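Undergrad: Take a look at this one; I'll ask things after.
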Ligand SMILES: Nc1ncnc2c1ncn2[C@@H]1O[C@H](COP(=O)(O)OP(=O)(O)OP(=O)(O)O)[C@@H](O)[C@H]1O
Ligand SMILES: O=c1ccn([C@@H]2O[C@H](COP(=O)(O)O)[C@@H](O)[C@H]2O)c(=O)[nH]1
Ligand SMILES: [Mg+2]
C-alpha cells in the first residue's frame, strides 16, 4: 500500500512542484488522496475501517522499560508492523552509509541522532511496508524529534503508549539484557536515563495534554503487562487487512 504510494508519488512530484508549491502533496497526503478507496474497500476493522492514512502508535518509555518486548507481542497478536527506531539506527550504523560512525558515537553516548536521519529511516520503512498499522518504538525522543516528524511525515500518532518503570528496574533489565548492545553498560545507561528525563518525558507530557497517552505500569510479568495493553488494540486483528 504505502510502497505503492511512494512509487506513484515519485512520478507526480515534479509535476506538483511545477504547478504550485502549495499544491504539492506530501507522501501521506498523496496516499490519502489516491488510496482512500482501496483502504475503504479492503479494511474490515471496526472504527478504523474508514481510515485514509496509516494507523500510528508511538511506544515510549525509558531504557529497558519493555517497549521492544511488548511491541513484539502486539505485532504478533494484532498484525502491526513493529518499527524500532533504535533497531533501524543500529542497522544503519553497520551499513556502509555515511552516517555510520556518527550513529555509533551517538548510541554509545546515549545521545539523540539528528531527527532527519531517524525520520528518513522510519519513513522508508513505512513506505516499503504492505501494512497500514505501525508501532513506532522509541521515537520521538525529544520535542525536536516530534516536531520534525510532524513536519516531514505530516501525520500525528493515533495513540501513544507510555511504559512507566522505576529506574532501578530499568537499570537491572538493561544490564542483564545480554544482546551485545554497545549502550548496555552502566555509564551509557546513566546517560540514557538522564536523556529520558530531560528530553523524552516532555514528549510524553505533550501528548498527555492532547489526551493521547495510555500509561502502562511496566512492572510485572510480560503477560500481565500485555493484558493491560491488549484492550487498546482490541479493534485490530492479526489477520486484518495489510493493504
Ligand atoms: N516485564 C518484564 N519483566 C522483566 N524483564 C523484562 C520485562 N519486559 C522486558 N524485560 C526484559 O528486559 C530487557 C529490556 O527489555 P526491552 O528490550 O523490551 O526494553 P526496551 O524498552 O525496548 O529498552 P531499550 O529502550 O533499551 O531498547 C530485555 O532483556 C527483556 O527481555
Ligand atoms: O529515535 C531515536 C531512537 C534511538 N536513538 C538512539 O539509539 C539508542 C538506542 O535506542 P533504543 O530505542 O533504546 O533501542 C538511543 O539511546 C539513542 O542513542 C535515537 O537517537 N533516536
Ligand atoms: Mg528497545
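Positions of Cβ are set from backbone N, Cα and C atoms, glycine also.
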Undergrad: Based on TrEMBL, name the residue from 90, 230 that is recorded for the same ribonucleoside 5'-phosphate site as 111, 112, 113, 138, 139, 140, 141, 181, 192.
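TA: Answer, per TrEMBL (ribonucleoside 5'-phosphate site with 111, 112, 113, 138, 139, 140, 141, 181, 192), from 90, 230: 90.
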Undergrad: Looking at TrEMBL, 64, 65, 66, 67, 68, 69, 220 are annotated for ATP. Which of 120, 151, 177 sits in that same site?
TA: 177
Undergrad: Near ligand 2, which of the binding-site residues 64, 66, 138 have CB less than 6 Å from any of its atoms?
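TA: Correct list: 138.
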Undergrad: Taking a cut-off of under 6 Å between Cβ and any atom of ligand 3, tell me which of the binding-site residues 64, 66, 67, 112, 145, 177 pass.
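TA: Cβ under 6 Å from ligand 3: 67.
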Undergrad: For the C-alpha pair, I'd like the distance in angstrom between residue 177 (ATP binding site) and residue 90 (ribonucleoside 5'-phosphate binding site), rounded off.
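TA: Residue 177 (ATP binding site) and residue 90 (ribonucleoside 5'-phosphate binding site) have their Cα atoms 16 Å apart.
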Undergrad: Determine the most Cβ-crowded residue among the binding-site residues 68, 220, using a 10 Å radius around each Cβ and all protein chains in the structure.
TA: 68
Undergrad: How big is the Cα-to-Cα gap, in Å, between residue 67 (ATP binding site) and residue 140 (ribonucleoside 5'-phosphate binding site)?
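TA: Computed Cα spacing between residue 67 (ATP binding site) and residue 140 (ribonucleoside 5'-phosphate binding site) is 13 Å.
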